[in-house]
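Enquirer: Copying in the features that Swiss-Prot gives for the protein in this structure:
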type	residues	note
BINDING	H53, H55, H109, D126	Zn(2+) 1 binding site
BINDING	D57, H58, D126, H164	Zn(2+) 2 binding site
Amino acid sequence: MLEISFIPAFKDNYIWLLTRGKRAFVVDPGDAAPVLARLEAGGLMLEGILITHHHADHQGGVAELKARWQAEVYAPGNESITGCSCPLSGGESIDVLGQKVTVMAVPGHTLGHLAYYAPGALLCGDTLFGAGCGRLFEGTPAQMSASLDSIAALPGDTLIYCAHEYTEMNLRFALAVEPNNQALQARVAKVAALRAAGLPSVPLILAEEKATNPFLRCHEAAVVEAGLQHAASCLLGHAAQQGADIEDRSKTAIFAAIRSWRNTF
């Protein structure tokens, strides 16, 4: 089995380090310096780099790392990625230190966003966060909703390795959506204790996300009603002018309403 550990970067980024013995891959190295320090401290040899999407805080360190090690760079083929040697589009299987890893297309945050799945673990970049999901900078609500559905279909004990420590703020929003969700209330207390102790809230557990993350619960009655209320209170005038249906209860419509609410929360 691969060992997975985090390398903190910037204010709240996690660069994921995958190791087997002294061999290593890194995921989304936005900054080379902390990666170089960890590799050198552990006597590790970098063999590959996995990139989920093109944003600078996820690929900014690639050139420097590739100059030090001639590592393969696996990345979305339809995005501009420094040094990409293995362009991917989703659906491929790649070998990561002897572990078969499935490449998943998860558009939404960006159009070419990828996630990397091996049994028990998903490296998802900025698609899913603790109690939240990524902003839709390029994709549509329908695309992101479908991407989240593909993640939700994985086994419940899957550990989710996302790229940012956003859980506490996301939980505050989730409580605004579902104030009576007891699992959510318990998670708020648990995460607060972790963060107070200086510990990360990740990796996430998929089953817990499905019980507490509003973006994975757009089919639940409480989330549907909260989404409709937000649409009615914030979008009524515009919707009426445009002839839009603010009573649309489809999962995509509710996701769009909840995501819009989160953007201004």
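Every residue, even glycine, has its Cβ placed from backbone N, Cα and C.
Context for these features, please: burial, neighbours, distances.
Expert: Taking the Cβ of D126 (Zn(2+) 1 binding site) as reference, residues of its chain lying under 8 Å away and at least six apart in sequence are, in sequence order, T52, H53, H55, H58, H109, H113, G134, C162, A163, H164.
If you draw a 10 Å sphere around the CB of H58 (Zn(2+) 2 binding site), it holds 25 other CB atoms from the protein chains shown.
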Enquirer: Residues near the Zn(2+) 2 site, D57, H58, D126, H164 excluded, by Cβ within 8 Å of the Cβ center?
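Expert: Once D57, H58, D126, H164 are set aside, the remaining close residues are N13, D28, G30, T52, H53, H55, G125, A163.
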Enquirer: Which of H53, H109, H164 has the fewest nearby Cβ atoms, counting only those within 10 Å, among these binding-site residues?
Expert: H164
